[in-house]
Amino acid sequence: MTMTDRAENTLLILPGLVLLVLAFFVPIAQMLVLSVAGENGPTLAHFQRFLSDPYYLNVLWRTVRLSAIITLICALIGFPLAYIMAHVSARARLWLVIMVILPLMTSVVVRTFGWMVLLSRSGLIPEVLRDMGLVGRNFSLMQTETAIVVGMVQVLLPFMTLSILGVVTRIDRRLEEAARTMGCGFLQTLRTVVLPLSAPGIVAGSLLVFTLSASSFVTPNLLGGSRIQVLAASIYRSVTQTLDWPFAAAQAVILFVGILVLLMPYARLSGRTNG
Amino acid sequence: MAEVRLNAIKKAFGPVEVLHGISLDIASGEFVSLLGASGCGKTTLLRIVAGLESVTSGSVEIGGRDVTALPPEKRDIAMMFQSYALLPHLSVAENVRFPLRMRRIGTLEEQREKVRDALETVQLGHLAERRPNQLSGGQQQRVALARAIVSRPEILLLDEPLSNLDARLREDMQVELIEIHKRLGLTTLFVTHDQEEALSLSDRIVLLNKGAVEQEGGPREIYTHPATGYASGFLGAANLVAAEIFDGAEGPVARLEDGQELNLPVEEKLRGPVTLALRQEDLALSGGEGAGLKGSVRTRVYLGARNRYVIRLGGGEVRILAPHDLEFERGDAVRVTIDPARIRVLSRDERP
């Protein structure tokens, strides 16, 4: 009965804290330790090997570049979609939400195989393009970066859309009307009023999408094939094929730190818009 | 500055018609209030003038130009919202500059000059760099006003801009609005449910009831000569008393439901069953025996400067505003007198 609030709070937080440490910090620590493990004590050789090999640098660059493109496309589709969702009736909004999150309800493998069927040489999309005379006989979208982007955008769009939707629905509709009475056309209102006020949602959605796409493995691997490797796939190969665990750990650390560095200014940006 | 002409405006939301063909002319520089209870369609009408709402039929002309089909940004208007609708991501100065920037009025230097002027007009020059959420309600309201007048629009539309302020600030802002309107001479359409606000600010009042114009006229005219039962009930909160008029020895006499009689001016032409509209402040109260209608005190409400009495009289009740030094208790017998010239007689079918 004499327990203070503070002690009580600490006690309550304990189970969560233990879980967090066991499930999150321990593996990361292990990964860090493993990444500098060498035959004669700690070494940075794995990092050196990665950073001096053009092949791996290319993989890293592709991962960052594709993630950025995927994030951008998700934002470009997600913002108008969220705006429309916020402005239709509650019933229509429900259906749109269901449609948007539908891809998340199927297994990633099944969904990706679906794309493989659509994008392969005899698939629907290349065939239509061929019939329209836009591409050559051997055209295929499989095993291209385009395929990775298409597949990933479909998977990650819900994260972006729902992040933005949460913010857009809270924007006072009167603000848009006020902007219209002050000389803004519809698109100008979107740009000068809705977009700036949606920034926290766009930032949050971008953080999610970028992080998820930079660390994703199944979709890029299946749609991009072995020629177009992203970092996560390269890590997977180091673990399962060359059995070089320390090198895999080093790549994982680079991915981890890289995302952290890229996201830091972003996080600060969102902190500022919220405050 | 420009005149506004509304031609037989009808508006329906789905199957419900909320405006039944309203026509209204507003002269250049005139300050017109749309007065009415909530749900009478006054805000819808204002939004139609702004272009935020479409019409079902009828047309809107601003400055002789038919703007019915134009979106709000193509009309030279400024609107002040009840919630102020300041843009939270912009500073006060940027908010006020917004209409200038969007309508591309003047150079950057001229725009800054105008923003400074507008903010000085509402005495907020020192807060130009603040964000709206750092201001009090009254200050936000002034920023909204500055933003509405900065571009010198042809028409200024005000949607209950004072209703979120406390009583003291509201009085200050009324004075300020009158002065600004005098100085800038903007054609102004003002929506309010507050009769006092409408009376004190307007050149002309348009009283709306259930989507139709009940009466329009100058404040004095509409207050002293309400044309209908609804108008007298809404303006000045008049008491409506049922009576029957017949010819007495010295002119028309009104007999109330309890048989008491009241002399009317000789000019009164109506006979038969009528409704008398008696204003609270026109009725005088006195104690004991004497001339006047007999009644008894039901309730007294202390209002500070005055007392409001509810008196049982003539088979119904009337409310009376009395000086604060006049004190009666519940159940006291009182006399109620009124100058016959102040009695408004309404035929029965005019009753709301």
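Just so you know, the numbers here start at 1 and follow the chain as drawn.
The backbone N, Cα and C atoms fix where each Cβ goes, glycine too.
Those TrEMBL annotations? Automatic predictions, nothing curated.
When TrEMBL is compared with the stretches A:11-34, A:59-82, the one noted as transmembrane segment is A:59-82. The transmembrane segment (A:245-267) makes contact with the transmembrane segment (A:59-82): 3 or more of their CB pairs lie within 8 A, with pairs spaced 6 or more apart in sequence. For the transmembrane segment (A:94-118), the most Cβ-contacting stretch among A:59-82, A:147-168, A:189-212 is A:147-168 (pairs under 8 Å). Counting residues 6+ beyond its ends, the transmembrane segment (A:147-168) has Cβ neighbours under 8 Å at 66, 69-71, 73-75, 77-79, 81-83, 85-86, 97, 100-101, 103-104, 108, 111-112, 115, 119, 141, 194, 197-198, 200-202, 204-206, 208-209, 212-213, 216, 219-220, 222-224, 228, 230 in the same chain.
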